[in-house]
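Quick notes on the structure that follows.
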Amino acid sequence: MLQHSDPTSSTLQLVANDMTDIMETLDTRELDLEDGEYDTTDTQVPAEHLPFKVIYHTVGFKESEAKVFLSSPITAKILEVERFTSAQDRFNVTAQRSVNKSLPAVFKIELKHGEFTWLVKRKEKHFMDLHRELRTYKTFMRLPLPTRSHTIRRHPGERSEVRQMPNLPRGGRDELAREEQVSSRRKQLEDYLNKLLKMSMYRNYHATMEFIDVSQLSFIHDLGPKGLEGMVQKRSGGHRIPGLNCCGRSNICYRWSKRWLVVKDSFLVYMKPDSGAISFVMLVDKEFGIKMDSKDTETTHGVRVDSLSRSLVLKCSSYRHARWWGQSLEGFVQKHGAAFLTDHRFGSFARQEENVLAKWYVNGKTYMEDVADALEEAKEEIFITDWWLSPEIFLKRPVVEGNRWRLDFILKRKAQQGVKVFVMLYKEVELALGINSGYSKRTLRHLHPNIKVMRHPDHVSSAVYLWAHHEKIIIIDQSVAFVSGIDLAYGRWDDREHRLTDVGSVALSHLEQASSAPSTNAAPPNGGGSASQSNGKTIFTVTDSVDQPKLKSQGRMKRTKFSIRRHLQKHGLAQADSDSDLEAEEMSDPVQTGVGDLFGNTRFWHGKDYCNFVYRDWIQLEKPFDDFIDRHTTPRMPWHDIASVVHGSAARDVARHFIQRWNFTK
């Protein structure tokens, strides 16, 4: 970091002489567009808060559609002026005076915009370069280019606002300028910057935004406070993941690229200026560290940022530049992201959170119902990772609302609303497991472009076979996180009844008489459902596919009834002298749900969801509504597992874990 000592009289004298040229060059009157026609459309619509979704819609830095600023004004204040000389010059006054114009001053500027406050350091040369580019931009805007869609005449008030910008007076050339003169000129330079930032035309210009270190990620509230930003040269490689680095460590193997670096509370990213794409994210962790020595960075002036996943090397223009970046980056992370820089209880990366809303489950019914409700409330992001995921499972049962609560329909509906969906699946060894994650991936990806799916690991390249991902996590908007042992897959839905049979169908009880009236059926997409209309009312049901395999005992319900009973008695699952009849109970007792009473032979498990993996493993998963075991002779396998959900800061920690896994896999 640059020194923050108060300017001495000697420093102020040197600055006074250096100010002469810039005072002659800077003149805000040159930015006046004068009268005439030009495009005054403000391409940015300022807002009180930029939504988190902005991160998925970044554009090139020079594009006028970039959304950067809030509705509040930006203010700038020059806190101090720093001057640096060589050790030899400190002892040679004559030499000091002779080189005073070649030793640039550095201005430490504090900027405020809404809730955000940050610092930048700029030389006089940077002010001059900005002013020169804005003059070129002004000239360009005055040209009647045919590519501009339309031009409108500027309002008199707007012309007056530009003309009222004060002129920066030229400073004196006296080498022994008084401290008051230097202070006055510093104030003039500060006024110049503030005037520019009040004019949307120049504030929104990419050169101005680069001058004050802002980008499309600067003022998003959900990304935390604004940290250091700026254009850097980053070196390729440095990954600690096998296969991502060049085979050698010679300088000839490295490639330097121009990127825009953004430092946030507990992570940093860099973006491609041409497209605005976020090309890399580094989360800080217990191995986070900053190194600035040339032997560590392998460059003359540079900064090396270390973490568990990568050693990122940045090239700087000077020794002071490297120190400013390295020390500022380290200080910001230590202040805002200290919680992730050390291990916590049980060796966790996340600290223990207090007063967190949480809930736990013991069966799939209540768990999947809450998952469905949470998914329906998603506004920004959905993260899902599973050992196995079946796109066609119903999260709410019995099915009386068509496909509304089918997993793939929910995800497609949210994706169409603009929600980004990220799904990570375990890539199985196909000879050993029949979960067909390839089918799940294809099915989800074809639903909508906003749904991204990856599988891991690649067994051939990684030589990993007897190992699997077993995490079952669902995260909504990084504020609600389900952490469980229940996959969103066939056979997992169950309730406390743990029924062994499921041979019926279900309908709404208040439409019971509709069955005797004429009706028309229409099958929804992908099969497995029908909608019957009667007397202006609709009954939604789900049935098995019409082309399902012919089962031996279909159509012989009376015989099947006694076969199941004998089967249960044989395995000790029912008493021989019991007068109860499982199917009779299901037919006589209505099921209570949130949509009214249900009647009939309740159908909870459709197609592949009716399973008994001890009797037979799953086959033909691409035909989800085809039975693969005879539900009239073979009981289903009940399922029981635990799950939990957490909210708030604990959910964000779970989201951080998912993001780390996603980036690792990608």
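Here the Cβ of each residue, glycine as well, is placed from N, Cα and C on the backbone.
Taken from TrEMBL, the feature compositional bias 'Basic and acidic residues' covers 171-181.
Annotation source TrEMBL lists compositional bias 'Low complexity' at 514-525.
Under the heading compositional bias 'Acidic residues', TrEMBL lists 578-588.
Taken from TrEMBL, the feature domain 'PX' covers 85-218.
Residues annotated as domain 'PLD phosphodiesterase' in TrEMBL: 465-492. Using a Cβ-Cβ cut-off under 8 Å and counting only residues 6 or more beyond its ends in the same chain, the domain 'PLD phosphodiesterase' (465-492) has close neighbours at 361, 364, 367-368, 370-371, 374-375, 377-390, 393, 395, 407, 424-426, 428-429, 435, 456-457, 459, 605, 608-609, 611, 613, 618, 636-637, 639, 641-648, 650-652, 654-655, 657-658.
According to TrEMBL, the region 'Disordered' annotation covers 150-181 (among others).
If you look up TrEMBL, you'll see 513-536 (among others) marked as region 'Disordered'.
Per TrEMBL, region 'Disordered' is recorded for 570-591 (among others).
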Looking only at the domain 'PLD phosphodiesterase' (465-492), how are its residues distributed among DSSP helix, strand and coil? 0 helix, 10 strand, 18 coil
In this predicted model, what is the average pLDDT of the domain 'PX' (85-218)? 70
